[in-house]
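A.B. asks: Structure below; questions to follow.
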Amino acid sequence: MSTFDWLKGHGTENDFVILPDPDGSVHGDLDAELVRFLCDRHAGLGADGVLRVIEGGKQSYVEDGGDWFMDYRNSDGSIAEMCGNGVRVFARYLAEAGLTGDKPVRVGTRAGVKEVVQNDDGTLTVDMGEPVLPTAAGIVVEANGHQWPAVHVDMGNPHAVAFVDDLREPGNLCDQPTWSPQEAFPAGVNLEFVVRRGPRDVEMRVHERGAGETRSCGTGTCAVAVAAARAAREELPVTYRVGVPGGEVTVTWRADNHLELTGPAVLHARGEFDRAWLPA
Ligand SMILES: N[C@@H](CCC[C@H](N)C(=O)O)C(=O)O
């Protein structure tokens, strides 16, 4: 097929191109070059990542694809296990396309199945599962001539959380911040820089693996809430407000050790793309 449908959506301004592909036949294995082109903010549609929508039973990437499988790609074409803002936008798309009912939708990801519910106030809540805190200590993150100790939190995808005095300290984040030891994150890492604003209230910036600085990162907000709650020796359950450049979300670390992420998700454009427009 030379043309295909696309939509755009965002969650706290972490933005995505959505590619409906119910039986997986429109995009095959999804070419990394096509992803890079679609995400290009000058020559393409512009986005932090791509959410391909495949029926759970029609994909072959994971054992349990849920009701619908979210095939997530970063803007550089790389594959990521999970995306906390993306999964809400994904569920919003399913609802607006009439593909789900009132029940929670089970979204398959490379980091397991995530249940998403729509709330009466228009937000969506995702059960993000349990955080993993690898014991490795001594991780140091460096950006803009500053160094900070960082906490490793795995949310299905890898995060390093650094508490800073001022969110301006990491600079413009155009360059990839570095970390050591390198072996701590052999597959790369998402880096969060955080300040405390008050009790259970934090603000962050993020440099995403495979995308650069973005205006929000849902898995990153969960990693930050975990790092902040542990540092404050909070008892579970505990809820954090996490501010990001593109808005705010809430993260509840439940007594059963699961994290619940609640935030907005909107669709804001749609169209048809002709493969003939791809650069030769
Ligand atoms: N923006 C996402 C995370 C997307 C994947 C990430 N860049 C990675 O490579 O792990 C979110 O909202 O969680």
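Every residue, even glycine, has its Cβ placed from backbone N, Cα and C.
Automatic, uncurated: that is what TrEMBL annotation is.
Annotation comment: TrEMBL describes ASN14, ASN74, GLY84, ASN85, ASN157, ASN190, GLU208, ARG209, GLY218, THR219 as substrate binding site. The feature active site, proton donor is assigned by TrEMBL to CYS83. What TrEMBL records for CYS83 is active site. According to TrEMBL, the active site, proton acceptor annotation covers CYS217.
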A.B. asks: Which state, by DSSP, holds the residue listed as 'active site, proton donor': helix, strand or coil?
C.D. replies: coil
A.B. asks: Where does GLY218 (substrate binding site) sit in the DSSP three-state scheme?
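C.D. replies: Reduced to three states, the DSSP call for GLY218 (substrate binding site) is helix.
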A.B. asks: Here the active-site residues are CYS83, CYS217; which one has the lowest number of other Cβ atoms no more than 10 Å from its Cβ?
C.D. replies: CYS83
A.B. asks: I need the neighbours of the substrate site defined by ASN14, ASN74, GLY84, ASN85, ASN157, ASN190, GLU208, ARG209, GLY218, THR219. Which other residues of that chain put their C-beta within 8 angstroms of the C-beta centroid, in sequence order?
C.D. replies: GLY49, ALA80, MET82, CYS83, GLY86, VAL206, ALA211, THR214, CYS217, GLY220
A.B. asks: Write down the Cα-Cα distance for the residue listed as 'active site, proton acceptor' and ASN14 (substrate binding site), rounded and given in Å.
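C.D. replies: Here the two Cα atoms lie 7 Å apart.
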A.B. asks: As a test of the contact definition, list every same-chain residue at least 6 positions from ASN157 (substrate binding site) whose Cβ is closer than 8 Å to its Cβ.
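C.D. replies: Counting only residues 6 or more apart in sequence, the Cβ neighbours of ASN157 (substrate binding site) under 8 Å are ALA80, GLU81, MET82, CYS83, ALA111, ASN190, ARG209, THR219.
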A.B. asks: If you measure CYS217 (active site, proton acceptor) to GLU208 (substrate binding site) at Cα, how many Å is it?
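C.D. replies: If we compare the Cα positions of CYS217 (active site, proton acceptor) and GLU208 (substrate binding site), the gap is 8 Å.
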A.B. asks: So if I measure Cβ to Cβ from GLY218 (substrate binding site) and keep only same-chain residues at least 6 apart in sequence, which ones fall under 8 Å?
C.D. replies: GLY11, THR12, ASN14, CYS83, GLY84, ASN85, GLY86, VAL87, ARG88, VAL126, MET128, VAL249, LEU261, GLY263
A.B. asks: Please state whether DSSP places ASN157 (substrate binding site) in a helix, a strand or coil.
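C.D. replies: SS state of ASN157 (substrate binding site) = coil.
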A.B. asks: Compile a sequence-ordered list of residues in the same chain as GLU208 (substrate binding site), six or more apart from it, whose Cβ lies below 8 A from its Cβ; state 'none' when nothing qualifies.
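C.D. replies: Looking at Cβ-Cβ distances below 8 Å from GLU208 (substrate binding site), excluding near sequence neighbours, one finds ASP48, ASN74, ASN190, THR214, CYS217, GLY220.
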